[in-house]
Amino acid sequence: MKLIFLASALCIIFSIQSAAQQSCADVDDQLVDKVTNLENADFVFAGLFPIKLAGCLEYQLEKGVERMESMIRAIQLINEDTNFLPGITIGYDMRDTCGQETVGIEEAISLVQSEFSSGNLSGIPIGVIGAASSSVSVPIASFLRVFNIPQISYASTSALLSDTDRYDYFFRTVAPDTFQALAMLDIINNFGWRFLNALYTQSTYGTPGVEAFSRAVDANNETCLDVESPIPEDDEMLNGLAMRVAISNANIVVCFCITSDANRIITAVRDYITNNIPNRTRIVWIASDAWATSEDAIEGVEEFVDGFIGVAPFAQEFQNFTEYFTNINPYAITNDLWFCGYFRERFNCEYDTMNTTLKCPNSIADASTSDYQQNNIVPFTYDATYALASALDIVLKENCEQPYNISHDQMCKEKNGNDFIKIGGETLRDALYKVNFTGTTRDFVFFDESGDGQAKYAIYNYKYNSDINFKEIGTWDAAREGKRLDIKGYNPTDNVTSYCGGIAPCKPGFETIFQAETDLCCWTCEPCRSNTYSSNTFALNCKTCPDGQWGNNPFGNNTACVVIETLSLNYDTWWAWVFLVISLIGFVGWAVVSIIYLVKWNHKVIRYSGREHCILMLIGAGICFILAFFTIAKPLIYTCTIWSLLYWSSLSLLIFPLLMKIIRIVRIFITKQNVHTKRFLSWQWQIAFSIIPVVVVLVIVIISFSTKQQVIEILVFQPTILGTPIHQLTCMDPHDAFTIIIYAMFILSVVILLFFAILTRTYPKNYRESVHIMYSSFSLIVIMFANVIIFFLLSGEFVIYRRLVQNICLMLIAATILLAFFGPRLFLVLFRDKDIKDGETTVETETRLTEAGQRAEEFKKTLAKKHPGILDPFAPYIDKFKGESGENLEENNVVGNQAENIAMMEVKSDPMKKEAQ
């Protein structure tokens, strides 16, 4: 009995040691249906992986075992970390889905069925990592939600799984295909491809993927689809689809396919082109994430698909796993017996052979033919495992008393209480939404409200016979503001174009006009004219040039913008300097007149010629000549404002004071009203009446400027057919309505001035001042009419000369007044001063006589009152004298008052003497 017991003990020890560490040469991996490690496990994480291909016979060399090993490695690291889930041991239960929905759901049922039937709840997985394919994940997600078991996929991207009403316990560390479709479309637009074919696997992966892509194409309005079809299972129908793709004008094929379907359709298209269209333009394939970096998908057609572009979830290489995986020794393996079959098929070797050539190496790192590249989904598998562990850590910290004491039915003692609570289910699902950690795939790993991961993709390019077949050429990140796609230093087009009907994409300088709003596949090309341009091939519209620029070929087809030449009045032309010299001569003349007036300010000729009107007119003339410098200056807001205010002020000060002067003469000499009843003849009123219309004009101008900009730009084309326009810069005149009102005021004033000047041409008797005003008026009315006519004729390309013409006319008006009005006065003051009487002026004499007559009348009344009758003897003589001298006295009173501040001194010239006699 003792011997039997000893033998049994040795057998048990040997079996345990064999289970702990054994050689792949001693096991038959085909008999392995699962890989588990449940020893001392407080919680179990289940894993679903496509270990073998359909039929569950041949190992997948790319997806299954490597991803499963990354989950095992993640659990090892979690159990080794004493600060994370302290005192908790995680076990695992790995199952093979063979990439099939039926197998996957069977394994999911198996995960929970045996434990429920036996009543042992400790073996039920608290969460499931997987599956890979969306078509497998969909039914499993529906099943697991019945048991409230969270599921985190590392590769399922179907948009259907974002429906939280149907799959509320489903999470994933990758983004849904809606973002992948956008990434594909951005790549297509980046290289200017417009005409596409879209193929897909008819499944929960391919169908939603191509639907999302089709919606993106429809919303884009820059691309269109020719062939959109599922990949049929029937070979004859597959060949028919291959023919449609081959003869299509679309040279871009987007394929939302699983690996096997991608290989089948590519092979069929390759065969049809080789046999029927050997010279066809090569096709650029756009691969979805299912086969973006898959060598199985392109096996046998590598050269035909050379240059294809793949889109796959972005992840940085998990260095810890690479070192771990490449050093697994198949001769000293623990319980991962699937690795044996994977390793044997990868290196096409044998474990139990004496042939060194066929014998399997000790590890991947030791293999001389090893070209290991980490599968791009490995980091997502690790992050999925770590996310589930992080959620468990959150639940334990929030609900359980430490140190944790987990019962066999996955319960713990409540924190700050005596009750026990169940770990997992809804509580664990809610904790997954709180997960946020630094992972291997990106800086932060978390789940959005739909349980989806963040949308970031790596862009791969396949190069046949290259050291690195799948080279990462860029990234696409939905969170990147601005340009989501970032491809640097690579152009995969190789002159490949894709357009409809044999019409080449519109060249630069043209815009694309689609034949119908609903048909974006066929188009015509229209040139960009005027100030629009297109610099890209196949531009959908002509862009507008920036302000100040024009198309480089405005009557042909613009491919770029050029700066428009700016033309304005400036100091660079010879005629501008001639104009300034003339204005300086006028300014000198004005200065001479002004200085003489100031020096001779109290001279009788100047004193009695209405100095207040003359000073205002001299100010207006001075402004006129200064205005020339602003006329030639570059039109800016401040120069235009100053010019407008000075111009209208100058014109007003030249016209309105002269009008007030002639009106005053008319009131004094022509009207029959008694001079004592005539008001507003003093110099203060005359200045006021002269300034008021000036202010009115300036107010009108300011109001007009408040409704229009003061600097305008006008485009005028050069005479040459294909020439660019000239950019004319000029000051803006007041609104046309205000301009007409102002000029109408001036013309009416000049007409009235001329009429009154003619009416009073013989007054005053001793100095016919109105004659000189009349001469000035004739010239003014001619100049004013010419100014108005030319102003409105100068339009279009000649509008910039308006200011110049206005200033010239204003200078002519000023010169006319200086010569015709001020000239005779200065002549008298400077050259005829000796002919002017030194005695009393007519005004002074008549004033004195008026005062003497008044005193005599008062004396007569006083004498008659004190001595009545004393003058009776002299009455006849007094009446006779009164009749003669009184008449003269009354006349003298009237003339004296009428001539106040107007009548000039008597001149001893012969004509004046004869008139006086």
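Cβ atoms here come from the backbone N, Cα and C positions, even for glycine.
Over the domain 'G-protein coupled receptors family 3 profile' (575-832), the average per-residue pLDDT in this prediction is 76. Taken from TrEMBL, the feature domain 'G-protein coupled receptors family 3 profile' applies to 575-832.
Annotation comment: TrEMBL describes 1-20 as signal peptide.
Positions annotated as transmembrane segment by TrEMBL: 574-599 (among others). Residues 606, 611, 614-615, 618, 621-622, 624-626, 628-629, 631-632, 804, 807-808, 811, 814-815, 818, 822, 826, 829-830 of the same chain, all 6+ positions outside the transmembrane segment (574-599), place their C-beta atoms under 8 angstroms from a C-beta of that stretch.
Under the heading transmembrane segment, TrEMBL lists 614-633 (among others). Remote same-chain residues near the transmembrane segment (614-633) are listed as 569-571, 576, 579-580, 583-584, 586-587, 590-591, 593-594, 597, 606, 639, 642-643, 646-647, 649-654, 657-658, 687, 690-691, 803-804, 807, 810-811, 813-814, 817-818, 821-822 (criterion: CB distance under 8 Å, separation of at least six residues from the stretch ends).
Annotation comment: TrEMBL describes 645-666 (among others) as transmembrane segment.
The transmembrane segment annotation in TrEMBL covers 687-707 (among others).
Sequence-distant contacts of the transmembrane segment (737-759) (same chain, at least 6 residues past either end, Cβ-Cβ under 8 Å): 648, 651, 655-656, 658-659, 662-663, 665-666, 670, 693, 697, 700-701, 703-704, 770-771, 773-774, 776-778, 780-781, 784-785, 787-788, 791. Sequence annotations record features per position, and here TrEMBL assigns transmembrane segment to 737-759 (among others).
The feature transmembrane segment is assigned by TrEMBL to 771-793 (among others).
The annotation transmembrane segment is assigned in TrEMBL to 805-828 (among others).
Residues 612-613, 616, 641, 644-645, 648-649, 651-653, 656-657, 660, 680, 732, 734-735, 738-739, 741-742, 745, 749 of the same chain lie 6 or more positions beyond the ends of the transmembrane segment (687-707) yet place their CB under 8 Å from a CB of it.
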